[in-house]
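What follows is a single structure, written as C-alpha cells, with notes after it.
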Amino acid sequence: MEKVPMTANGYAALQVELKQRQTVDRPRIIEHIAEARSHGDLSENAEYHAAKEEQSHNEGRIADLEDKLARADVIDITKLSGDTIMFGATVTLVDEDTEKKAVWQIVGEPEADAKKGRISITSPLARALIGKKKGASVEVMAPGGAKAYEITKVEWREPS
C-alpha cells in the first residue's frame with residue numbers, strides 16, 4: 001500500500017468529511033430510499049432511482065476517504081524549516097514575464113485545491129519547485145507554453 005503525504009490539517013479535513021458522510025448523509029439517504037420505496041412500483045419510480053444513485057455516490061466517496069486516510073503519511077510541517085522547497089512549503093513566486101506574484105503551498109494530492117492556493121506535490125509546478133531555494137528561477141510547462149518564475153519566499157505553515 002503506497003503511502004500518500006498529507007498535512008495534519010488535510011488529514012483532519014478528510015476525517016470530518018468521512019464522519020459527515022457516515023453519520024449524517026448515509027442515514028438521510030436511507031430515509032429517502034425508504035420513503036421512495038413506499039410510493040409503490042420501483043421500475044418507474046424516479047425518486048427511488050435518484051436516491052439509490054445518491055447512495056452509490058456517497059458510499060463510493062466513503063470508500064475513497066477511508067482509503068486515503070488509511071494510506072496517509074501525516075507530516076507535521078510546523079516542525080519543518082529551512083530554505084529548500086519540499087512537501088509542505090509555502091512558496092511565493094513572481095512570473096518573470098508579467099511580474100505577477102502567486103503564493104502556493106505544496107500539499108498531498110487529496111488536499112490540493114488551486115482556489116485555496118494549494119497544489120499537489122505531483123503537479124508539474126510542485127515538481128519543478130522541489131529542491132529549489134529562494135532566489136532560484138524555475139521553468140514550468142503550462143498549457144499556454146513555458147512559464148518562468150522566480151522564487152522570492154519560502155515559508156513553513158499549516159494550510160488554512
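Even glycines carry a Cβ here, placed using N, Cα and C.
Residues or ranges marked as coiled coil by Swiss-Prot: 49-73.
With a cut-off of 8 Å between Cβ atoms, the residues of this chain six or more beyond the coiled coil (49-73) that come close are 1-6, 11, 14-15, 17-18, 21-22, 25-26, 29-30, 32-33, 36, 108, 110. When pLDDT values are averaged over the coiled coil (49-73), the model yields 96.
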